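Have a look at the structure below, then the notes.
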There are 2 protein chains.
Amino acid sequence: MDEFAFIDSIKQTKYRHASVIKGIGDDAAVFRENYQDVVTAVDTFVENVHFSRKTMAPFHIGYRVLAANISDMAAMGATPKSYLISIVVPKDWTDEELQEIYQGMNQIAKEYRLDLIGGDTVSGNELVVSVTINGAVEKNKARYRSHVRAGDVLFVTGTLGDSAAGLAVLLREEFSEFTNKDYLLSRHRQPTPRVEFAKGLAEIDRVALNDISDGIASEANELAKASNITIHVEKDKLPKHEALEQFPQEDQLEFLLNGGEDFELVGTVSEENWEKAKEIAKKTKTSITKIGYATDVNTTNGHVFLYTNGEKELLKPSGYTHRN
Amino acid sequence: MDEFAFIDSIKQTKYRHASVIKGIGDDAAVFRENYQDVVTAVDTFVENVHFSRKTMAPFHIGYRVLAANISDMAAMGATPKSYLISIVVPKDWTDEELQEIYQGMNQIAKEYRLDLIGGDTVSGNELVVSVTINGAVEKNKARYRSHVRAGDVLFVTGTLGDSAAGLAVLLREEFSEFTNKDYLLSRHRQPTPRVEFAKGLAEIDRVALNDISDGIASEANELAKASNITIHVEKDKLPKHEALEQFPQEDQLEFLLNGGEDFELVGTVSEENWEKAKEIAKKTKTSITKIGYATDVNTTNGHVFLYTNGEKELLKPSGYTHRN
């Protein structure tokens, strides 16, 4: 299929947002946000680096690529609205597989009301899917990593490590007969960005937010560094799905702390706003757990500490990173 | 170099546009266009498909990738403002080469006042550079391919085929001793998107525009198709740099009609606005040439005709496309 046929096949006939003035079909797309700030991010996924056809069907690849981008919008408190796809397609990928990637994106785009407004499809030797997402947020209301303050409650949404556990089930023979496989696989392949909860937080004036793409250890360190503050995490409070219990202790800990791509949110609010945050979580059907707090101590600012039965250790940002 | 070190090394300390609220450093970038429409496009370049290290230094690769995106903004009548880079880096590319790609982008970003606001750097087996650009245009003033009307003057900026001729000099032994090599190579490696001219056209109410990335044959056909109109091109009027004269006639014609990546503009204005368009070209130091006109004939709409000494033939959109 040539580029034009591919673009025609995925072109939306109707856009979900009135802000889209011109979608696919010219040199560029045009959209309008009169009263809001535009939030934008790009994420790139490479076959055999970020995913493998052994563990993900093309549909899941598409779904998860866009999920990662949507999660970036949630982490900014923004409403995701439109996206542009860039795909490098190798010869050994069939048109059907390519279509399935798109169908995966289209599925999550429908769920989160996104419009596909542009793209570029080119040939290459290795599948690369890169998505640029655009969202909107009330003026000056984007949520930054630098907004943590002393005394804040540190929280996460959902449960941690599920995606990494799902991947382990797929890759490691000894886990292949575990129960709750469907749950773990779906968490790995079709994560749920926490957009509604993040938007609900608009009621609260100051919120620091980060999404968990590289594991809580890494993300908490980003918050501590960006806010120049000290963050304290209590290990026993890290929210864990019962499906994780069947893994060896060591793996459980690795999944919980460094398991990437859960696309949950980690953030902080002031102590006084914690009750409100819990109400918003309830209203948006999102589980939320207090896992620690922030302090302002000159000598330790920029660092994260992990507590296990009263024992304190430095938690390094040795999160899940793709090194090849 | 890991992703974070790379991003740190290219991070701007100061943004050129007040519209940038948050650049690199969080889950996403934030910008604001209160009174204008946002224009956005993505372009993806793959080593050995779109460029080769044999014919382009890393600096030129960076320069030209961003030039292509800037040209898309010009084709919309928009002011380019910010961009996001996604790079897939293979092991055999050194950090220095990677830096040079960035320096090439940075060079043209400075020339056109663009801000780098985001990016993603990942590992892979093949170099892929994908750039998403954001620009701004007065509300409802984006220039579309569909705006050609009967009686319009068809024009192009600059000269055609220079980039293709430059590439031929690099690839074909028989042309390697040609004169004007520096000119042709610079047109191939560092094209000049026509942003100032396109912005100047704002004085004119209706303008159809397209940028020449795939050759005039292809782009004129896009205008004819999008506007459902008939376009007539006079071959002898196609603007040609004297450096092209030394190539065989057949090559000259191929370069002129199908030579890609000149990043000149092709467009139409009404007959009565043609003088004004010429003034704007003069003011913005852009050469502009009338190469044909448009008519509305039911049976031929959507097609382009080429005239050579009174002989008429169908000009097919057999433009330069990257097929591998």
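Numbers run from 1 along the shown chain.
Every residue gets a Cβ built from N, Cα and C, even glycine.
All TrEMBL annotations are machine predictions without curation.
Cross-referencing A:Tyr102, A:Tyr112 with the ATP binding residues that TrEMBL gives (A:Gly119, A:Asp120, A:Arg145, A:Ser213) picks out A:Tyr102.
Candidates A:Asp27, A:Asp43, A:His50, A:Asp120, A:Glu261 (binding-site residues) were compared with A:Ser213 (ATP binding site); those inside 10 Å Cα-Cα are A:Glu261. Filtering of the binding-site residues A:Tyr102, A:Arg145, A:Glu261 by Cβ separation from chain B (threshold: under 8 Å) yields A:Arg145, ordered along the sequence. The DSSP secondary structure for A:Gly119 (ATP binding site) is strand. A:Asp27 (Mg(2+) 4 binding site) sits 10 Å from A:Gly119 (ATP binding site), taking the CA atoms of both as reference points. Here the Cβ of A:Asp211 (Mg(2+) 3 binding site) has 27 other Cβ atoms within 10 Å, regardless of which shown protein chain they belong to.
Each residue contributes its Cα atom, and for A:Asp43 (Mg(2+) 2 binding site) and A:Glu261 (substrate binding site) those atoms are 13 Å apart.
Only A:Asp214, of the binding-site residues A:Asp72, A:Tyr102, A:Gly119, A:Asp120, A:Arg145, A:Asp214, have a C-alpha within 10 angstroms of the C-alpha of A:Glu261 (substrate binding site). Under the DSSP three-state reduction, A:Asp211 (Mg(2+) 3 binding site) is assigned to strand. In this entry, A:Tyr102, A:Gly119, A:Asp120, A:Arg145, A:Ser213 make up the residues listed for ATP, with the farthest two CA atoms of the set 32 Å from each other.
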